[in-house]
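Take this structure, written in structure tokens, and hold onto it; I'll ask about it next.
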């Protein structure tokens, strides 16, 4: 195929051209910025888990330390296994590699978002869905270092995509789509047992698809039986991938049920915040997750969701109801409604805002894009093309504002909140903030530079000689990886010469000291460093 022919095809399909451009830009941004993100507080144990899984396979299944390492055996290790297996052959730093891989997996999830939206509308609106997701700080910030949550979200959107593909084909879905469904579901189960949500969603979809108003219950049962039989290969593929990624799950018949039961009463009761009220994770109100979604999603996404709900209700009421389109849309609706409904009704242990429900963001972006499309076409049909174009221009302007917020926050996009929370500054003290300690990296680097400059310029008090002890309100490795050799991270906080803390859970107030460094974005402090040398190395009284 010649270059001229490719260019001609792209000009003939502006939606495809825009999509290629968007993904190219997102890829370049990811490649240019992945080193800017700090180590999250879960990454060290996850990396260790991946290395233990490699030992398990390398030992011929005899080294089972992975099955006894903290509570990690309750999770699938797909991402960690791949990261450790490939990373051991690379020269780049371990956590930089993990962040690059996580970004790549996240982009694959965004591609799944694009594919799903295209299935429901067209390539232009698929591009809109990707842009909505990219402008969501709760997605783009964690894209690099919340490796398990991002990879799980990527797997789940592909489950939803293949479910939407097979829905109109039931009871005789195409084999390649069945295998794709099984592979996506296996990857999801190979990361978190919460993928059982997808099983419930698929069960609902199968039952709804089996019901045919033109036949009775016998016809529905026949369709249901054929559907289950034709979907068995998906179960086999999913089980195989899960077994490799999460070997503990298949080493005893009931291990999967043990994991489900454990997570239903997860033994973590850490503090969390909701609208300024501090509470235990086990005591959060039913509306914890919906409220967090309401303040973390962009205003444009929220508008698209509301418009989509309104359009869906109108479409259901019309006589021209399109059953096949509804079957394609149903998996997307279920992908949001089932987990969200469970969180409201069952009140599971929740903390860190939407962190553990990040997999809701891609299908929400799809539904929002569908809602914006419905609004555009309604304006075009009722008020004319000029109004529709004005709506598109206004939407583009709002999106650019959202994107500019993330640019100004970089690399702390995770703390982005919408205007319902008062923006970034309004969210401080009211909602979860730098919960993964992403600001520790910049704080450690700047502290090293300041103290190094003191040494070089001879401004240091002779009594204050290195090595300096540093207390960190995070995991030790989050600072150790970036501090110079003049520093030692200590667990004895009261003896610390310096204190590094993100703005989270009031930890920044845990120790006294002179604040010498603040990590700020948009006029809001995200992290800080305190100098305590006047307290720990004060001269003895005469």
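Cβ coordinates come from backbone N, Cα and C, glycine included.
According to TrEMBL:
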TRANSMEM  20-37  transmembrane segment
TRANSMEM  72-91  transmembrane segment
TRANSMEM  97-117  transmembrane segment
TRANSMEM  124-144  transmembrane segment
TRANSMEM  150-167  transmembrane segment
TRANSMEM  228-248  transmembrane segment
TRANSMEM  287-314  transmembrane segment
TRANSMEM  326-345  transmembrane segment
TRANSMEM  357-376  transmembrane segment
TRANSMEM  388-409  transmembrane segment
Do at least three C-beta pairs under 8 angstroms join the transmembrane segment (150-167) to the transmembrane segment (97-117), pairs 6 or more apart in sequence?
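As far as Cβ distances go (cut-off 8 Å, pairs 6 or more apart), the transmembrane segment (150-167) and the transmembrane segment (97-117) touch.
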With the transmembrane segment (124-144) as the reference, which stretch in 72-91, 326-345, 388-409 has the largest tally of C-beta pairs below 8 Å?
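Most Cβ pairs under 8 Å with the transmembrane segment (124-144) come from 388-409.
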Determine whether the transmembrane segment (97-117) and the transmembrane segment (287-314) share at least three Cβ pairs under 8 Å, counting only pairs 6 or more apart in sequence.
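Contact between the transmembrane segment (97-117) and the transmembrane segment (287-314): absent.
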Given the transmembrane segment (326-345), which of the listed stretches 72-91, 357-376, 388-409 has the most Cβ pairs that are under 8 Å apart from it?
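Looking only at 72-91, 357-376, 388-409, the most contacts with the transmembrane segment (326-345) come from 357-376.
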With a Cβ cut-off under 8 Å, give me the same-chain residues at least six positions beyond the ends of the transmembrane segment (388-409) that come close to it.
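Distant Cβ neighbours of the transmembrane segment (388-409) are 131-132, 134-137, 140-141, 298-300, 372, 375-377, 379-380, 415-416, 424, 521-522.
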Give the nonlocal contacts of the transmembrane segment (72-91) in its own chain as ranges (CB under 8 Å, at least six residues past its ends).
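Here the qualifying positions are 45-51, 53-54, 66, 97-98, 101-102, 105, 147-148, 151, 187, 189-193, 241-242, 245-246, 248-249, 259, 262-263.
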